[in-house]
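Structure first, then comments.
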Amino acid sequence: MSFEISREQYAGMFGPTTGDSIRLGDTNLFAKIEKDMTVYGDESKFGGGKCLRDGMGQSATELRRDNPKVVDLIITSAVILDYTGIYKADIGIRDGKIVAIGNGGNPSIMDNVDFIVGSSTEALSGEGLIVTAGGIDTHVHFITPAIAYSALENGTTTIIGGGTGPADGTNSATSTPGAWNIHQMLRAAEGMPVNMGIQGKAGGAIMDTTAEQIEAGAMALKVHEDWGATLSCIDHALETADKYDVQVSLHSDTLNETGFVEDTIKSIGGRCIHSYHTEGAGGGHAPDLMKVASKNNIIPSSTSPTNPYTVDILPEHLDMLMVCHHLDPKIPEDVRFADSRIRKQTIAAEDVLQDMGALSIMSSDTMAMGRIGEVIMRSWQLADKMKKQRGPLEGDSEYIDNNRIKRYISKYTINPAIAEGISDYVGSIEEGKYADLVLWEPAMFGAKPKMILKSGMIAYGVMGDSNASIPTTQPRTMRELFGLTGKSRQHVNMTFVSTYAYEHNIKEELGLERNVLPVHNVRTVTKKDMKFNSETPKIEIDPLTYDVTVDGKLITCDPARELPLAQRYLYTNLDKINILVYYKKIT
């Protein structure tokens, strides 16, 4: 016997379904559900009087030890927002990995069951929630361990960078120099609440200077102008990278002392490289570094300080830059060095290039001009700003922004994972990957997550007073949970190293307890592999006016005076926020 209910009632009970559109936070972005993999009338739902009970939605006979389809955790009826699509499904997690996405339940009484809920299964209600892959920040200065918690609080679960603490070299460059420092930082990573990967310092005129750092456990190399971004340094770093299958990140020569951007492109020679803060305010060939975004072998990223372009960007940047790069405001040459990097024309063009898909990755440059806890928030602020200024993307409409949403979520999930050689492990919601997942209430999307899973275990989330009678009593704050307690912290987190270090037992050599995994398939990556962000238009920058043209057309935008996901979320009692969430059929 069938029973019909309204879409509003259905959304209240089981969450939105196919054809419904959800507003993301207080932005003007709407995610339309493309498909629903659960079965109407057979939805799995936990609670008193609900169906996930013994002999009903929960199998009374299937054993975990005998049947690999029996999961450890089911997330029910979640809206998955990923580069693979925007859809609704149950998520099945076993041994810390996503083993099934579809319809979970009891195959004895339910049709079309993709994975089994048994007596061994925990339930997490995803009805009305959005689930995304944990964010990946590829531009992190390891200045203080506290950055990891700021990252988690905005949904970032993997950080890649370098440093040794608040040394001047680390304040400036994201590299950990030498085998001893790399080993110490690998040991330090044992206590971190996020996945980590370390970049060695590129330099020297022979391969061995960088090779010994890759062999010591660095997962990548970093070329930075403050240590010398000479053409020889770039060439030798890439030689090492090709030999060991690792990435090279490039902060190029702002002063053009050893060559211009064309010379750097020539020294790269068609090899894969990751270009940091490609607009140039964070550093790199002035004023025309953005030309590299035209090349298929160069993976261009942005950093959060200049995204989105607002009325406060320019005055904030000069002082930040002076501090981060150890410059002296009393020395005129240092001031001119800083001034050369802050150009409103290229900053304005950066927003548009991001929206076009010509810039592939978003990152933070944390504590060295950027804020690690704002990567995800600023990505969605930028997407909102671009929709308001440029209109819907091709194929989108007023209440359907799926193409733009897939473009922007790819910038901090799957694309950095591909660029750094870790996409087999993290970066998307796909079967076989580790369950590093972020759960959001739609009204809070992009600003403050509800809960964060690391390798399938609840690690961080909003929790009430621990002496209260229920878990939702004020004050409700983000807190560490059992996934980050005791030895579980090591078990649910990953340290990424070079394949050489992995095969030569770096884990055993250093006595590491974390899940140590090798990076691979890096050197064959091109910009065409960047999901929804693979455009390679011809980009030119006028050396006198700094105007930016794309395929001969001037591109720019106005600075924003007001942004979503801002003070409403940071200085308001969150329980009193009332943001309209749309669950309606879009025809």
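Quick reminder: no glycine exception, Cβ is built from N, Cα and C everywhere.
For the Ni(2+) 1 site, Swiss-Prot lists His139, His141, Lys222; matching the candidates Asp355, Asp365, Asp384 against that entry yields Asp365. According to Swiss-Prot, the residue from His277, His285 that belongs to the Ni(2+) 2 site alongside Lys222, His251 is His277.
Cα of Asp365 (Ni(2+) 1 binding site) to Cα of His251 (Ni(2+) 2 binding site): a span of 11 Å. Cβ contacts within 10 Å of His139 (Ni(2+) 1 binding site), excluding its own Cβ and spanning all protein chains shown: 32. Comparing the Cα of His251 (Ni(2+) 2 binding site) with the Cα of every entry in His139, His141, Lys222, His224, these being the binding-site residues, the smallest distance points to His224. All protein chains considered, the CB of His141 (Ni(2+) 1 binding site) has 28 other CB atoms within 10 Å.
Taking the Cα of His277 (Ni(2+) 2 binding site) as the reference point, the closest of the binding-site residues His139, His141, Lys222, His224 is His139.
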